[in-house]
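Q: First the structure, which I've put down as structure tokens, then a few questions once you've had a look.
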Amino acid sequence: MRLLILTCLVAVALARPKLPLRYPERLQNPSESSEPIPLESREEYMNGMNRQRNILREKQTDEIKDTRNESTQNCVVAEPEKMESSISSSSEEMSLSKCAEQFCRLNEYNQLQLQAAHAQEQIRRMNENSHVQVPFQQLNQLAAYPYAVWYYPQIMQYVPFPPFSDISNPTAHENYEKNNVMLQW
């Protein structure tokens with residue numbers, strides 16, 4: 001039993017993380033690393049992100065408007081060219097006009113599909129941005145290595161019972177002298 005306890009203690013001691021040697025100034029000055037980040041820097045970061053988002057949104061709406069204008073101009077240009085050409089048979093004229101109309105409708109449909117996809121992408125981006133955390137996170141000596149939290153928890157929880165029982169004293173009833181029962185170890 002003692003050998004088992006000894007081996008467990010040795011295993012825990014060997015598995016214990018080494019102290020961080022890269023940043024000795026953090027170990028010497030733990031109060032500096034746990035200082036709260038000023039609110040102004042967070043607001044500046046969020047304002048910068050909002051400005052970038054607005055600029056991107058404006059660029060994308062301009063691109064959509066440009067493509068919409070180009071598609072309508074293509075349809076308008078295609079119709080006069082069709083009229084100017086002299087085609088002898090009326091069946092060819094009707095087939096060309098139907099093709100031009102179908103092309104314009106298909107182009108408008110594609111533009112609507114692009115707008116819908118763009119709107120869905122914007123909604124997805126806004127949802128992602130609402131879940132983005134501020135990149136300024138506090139660093140302290142325990143956060144330098146993530147496995148150190150297992151050994152050094154920051155909040156000690158109240159434990160209502162002792163984690164280890166006293167092995168040296170056996171557990172017995174008050175009147176154990178009168179009973180012929182073996183003691184529990």
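For all residues, glycine too, the Cβ spot is worked out from N, Cα and C.
What Swiss-Prot shows for this protein is this:
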- 1-15: signal peptide (SIGNAL)
- Ser31: phosphoserine (MOD_RES)
- Ser33: phosphoserine (MOD_RES)
- Ser41: phosphoserine (MOD_RES)
- Ser71: phosphoserine (MOD_RES)
- Ser85: phosphoserine (MOD_RES)
- Ser86: phosphoserine (MOD_RES)
- Ser88: phosphoserine (MOD_RES)
- Ser89: phosphoserine (MOD_RES)
- Ser90: phosphoserine (MOD_RES)
- Ser91: phosphoserine (MOD_RES)
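Can you tell me where each of these features sits in this structure?
A: Ser41 (phosphoserine) carries a helical DSSP state (H, G or I).
Following the DSSP three-state reduction, the secondary structure of Ser90 (phosphoserine) is helix.
Of all the Cβ atoms in the protein chains shown, 8 others lie within 10 Å of the Cβ of Ser91 (phosphoserine).
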Q: Looking at the modified residues Ser41, Ser90, which one has the fewest other Cβ atoms within 10 Å of its own Cβ?
A: Ser90
Q: Round to the nearest Å and give the CA-to-CA distance linking Ser90 (phosphoserine) with Ser41 (phosphoserine).
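A: Cα of Ser90 (phosphoserine) to Cα of Ser41 (phosphoserine) measures 72 Å after rounding.
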Q: Any idea what the Cα distance is from Ser41 (phosphoserine) over to Ser91 (phosphoserine), rounded to a whole Å?
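A: Just about 71 Å between their Cα atoms.
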